[in-house]
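Here is what Swiss-Prot says about this protein:
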SIGNAL    1-24  signal peptide
DISULFID  CYS64-CYS67  disulfide bond
CARBOHYD  ASN128  N-linked glycosylation site
MOTIF     167-170  motif 'Prevents secretion from ER'
Amino acid sequence: MSLRFGATCLLSFSFLLLITSSDGRTGLGKGFGDHIHWRTLEDGKKEAAASGLPLMVIIHKSWCGACKALKPKFAESTEISELSHNFVMVNLEDEEEPRDEDFSPDGGYIPRILFLDPSGKVRPEIINESGNPSYKYFYVSAEQVVQGMKEAQVRLTGDAFREKHFQDEL
């Protein structure tokens, strides 16, 4: 009886330890949703160049309260999930953040969401229109992210983007 009780306690403790040590950050999703096809920045730039899709880049820190608050809203949004198929999705956490100042156009606050054209160039004109004007790339809700994704789609895909892009090269 005591051997059975000891085994049950050990099994229960192991299960409890497994549950409490998991923070939902498996894979490249890092809490933003493993159902989304995330890439590294390097792989994402290659894929965007080959596919012609724009990139959406999330920059966040594991210790950041605002980042932790955005994660479940982002991960649970079916609209973000659906729109993500029209982007190369890149998720950068902690030391993965690029040192290039293009990735912090108005400061190094977090989280930041930036949109890049298919050539890998940050497009600073795509901002959170309904957010704080001092923090243009800071999103606090799934609705704001969806709005940004839709704006990026309009500006970075299709004929409007190609016309503008080719004019810039001339």
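Every residue, even glycine, has its Cβ placed from backbone N, Cα and C.
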Could you tell me the C-alpha distance between CYS67 (disulfide bond) and ASN128 (N-linked glycosylation site) in angstrom, no decimals?
16
Residue, out of the disulfide-bonded residues CYS64, CYS67, whose Cβ gathers the largest set of other Cβ atoms within 10 Å:
CYS67
Cβ distance under 8 Å to ASN128 (N-linked glycosylation site), same chain, sequence separation 6 or more: which residues?
ILE113, TYR135, LYS136, TYR137, PHE138, TYR139, GLN144, GLN147, GLY148
Stretch-averaged pLDDT - the motif 'Prevents secretion from ER' (167-170):
57
